[in-house]
Every structure is written in C-alpha cells, then in structure tokens.
Amino acid sequence: MLLAHISDTHFRSQNHKLYGFIDVNAGNADVVSQLNGLRERPDAVVVSGDIVNCGRPEEYQVARQVLGALRYPLLLIPGNHDDKACFLEYLRPLCPQLGSDPQNMRYAIDDFATRLLFIDSSLAGHAKGWLTDNTVAWLEAQLSDAGDKPTAVFMHHPPLPLGNAQMDPIACENGHRLLALVERFPSLVRIFCGHNHNLTMTQYRQATIATLPATVHQVPYCHEDTRPYYDMSPPSCLMHRQVGEQWVSYQHSLAHYAGPWLYDEHISCPTDERRSPC
C-alpha cells in the first residue's frame, strides 16, 4: 500500500485569493501536478479536510475541477471550513464512499493490510471538532468487527491537545471518546489529522497520532503565543507505505527544488584532492 496524504487545501472561488494575496488555487493545482508526476504511484490520495475556505459552492466547483485532475482514487473527509451539504454535493463524484447523508459522512476502506476508517469531526458553525454519538458508535462497531486487523483513523481535528497554543483550543473537544477506543482496541494504531497546518506527532498508548502540513500556507507551532500567525513556509505532504506488517510514514516536499542526483562516491571525496594530515 502507498497513500499520498495532503490536507487543508482551502480552495477559493475562481480568481479569488486567500487573505487577499495567497493564490491557493494555483498552489493546489501545482500540488496535483506534482502528485501526478510521482515516480512511485500511490494507490490513492487522502485529503483530510478543509477542502475549501468559506464553504461556498463556487469554491467547491474549483476544488472539484482541480482535484478531479488527480490520476488516483481520492479519499476525502470534511473539515471545519467545509459546508457539509456542499461538500457532499460537489465532491461525492470524486469520492463515492462519502455516501448520501451530509450529516453522517464516514466510511471504511478494507483493501489493504491495515484497515482505513474515515470520519467527519467537523461541527457546523464552529472551528473546534466534535465526534457525534453516531460516529463513535460506528467506530466502535468497525473496530469490533475488524478483530486484530491493524486500523488507522483519518479525521480533520486532532483528538487531543498537542501543546500548540493557537490550535489546541480548536482541537476535537470530545476527542477523549476516540482515545477511549484506543485504550479498548489494541488494533487502533494510527490516527492522522489535518487542521493544524504543520507536521506534529505524538503517541497515545499504542496509537501514533499526527497532524499534517497544509498544501499552501502553514501555521507555525508556538507553545505559548496564542496569536493567529500563518506563514508561507514550504508545503509538504505525508506518504504512507505499508509492506507486510510494517507501516512507514515519511514527509514528501511539495516545494520546488533542484535534483535529484545520483550519489557518486568519486566526486564526494575526489582522489586528486590532497588530504591534510590530522
């Protein structure tokens, strides 16, 4: 299994920029082009929420056009910037697993050695996250049915504070209910989130929990400063690879850079250079 995982695309309407100066639509189109050009082709691309910025139909039209150019299956979940009804109307053609109920978007992918569960943690009208009773019950049933099969959950909001002064107040408010399932089910070993616009990792019992960078603009990690900073540090995504029982996640840069070059030991330490005595 190989998954490319991006997050927080924050598409805007045609010819509109984020915050008046960030061309997220062009940036995301470039990300799609880079993913389509990967030398090792993923089985699917995950987008973990905040697909658009303002929840408007015009934004979803752009998102569907740009994301629809990906040459891989899409696995989508909404975030707090998304409008549930518009999200489903415009993006279900790209991800049929979303179903038909905007209030109950969740699904399981059982095609790989690890089971993948996708849930909606968004709460309409709020930046913070919330897990509904139906979502928690569904997760419990899925984990019970899967037995010992390793399971990864994908959601938008992290289920616990991560020491980020700006983002912790708008994490998943009742994420403890998911952590309780981690305690009950040893098979729940990974939780991947968006929302925080930076790569942050922690461990809870047997579960590795991570938030992803965004595709365009980032939020710096500050432990004490609560002011709402953002910046244009280089974007990246995560690649999730599983071979046998081993799952490896690694960061893949989405910035433009020189290379790659093949390593050549003959030019690393050229033989014609005189080595000075120590």
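Using the three backbone atoms N, Cα and C, a Cβ is placed for every residue, glycine included.
For the Fe cation 1 site, Swiss-Prot gives ASP8, HIS10, HIS197; the one candidate out of ASP50, ASP145, ASP148, ASP231 that the record lists there too is ASP50. Same-site candidate for Fe cation 2 binding, as annotated by Swiss-Prot with ASP50, ASN80, HIS195, chosen from HIS5, HIS156, HIS240, HIS252: HIS156. Within 10 Å (C-alpha to C-alpha) of HIS156 (Fe cation 2 binding site) lie the following binding-site residues from ASP8, HIS10, HIS197: ASP8. Shown are the binding-site residues ASP8, ASP50; the one with the most C-beta atoms within 10 angstroms of its own C-beta is ASP8.
With all protein chains in the displayed structure included, the most crowded Cβ environment within 10 Å among the binding-site residues HIS10, HIS156, HIS195 is that of HIS195. ASP8 (Fe cation 1 binding site) and HIS195 (Fe cation 2 binding site) are 7 Å apart (CA-CA, integer value).
A Cβ within 8 Å of the Cβ centre of ASP50, ASN80, HIS156, HIS195, the residues given for Fe cation 2, is found for these other residues of the same chain: ASP8, SER48, GLY49, PRO78, GLY79, HIS81, ASP82, SER121, SER122, GLY129, HIS157, GLY194.
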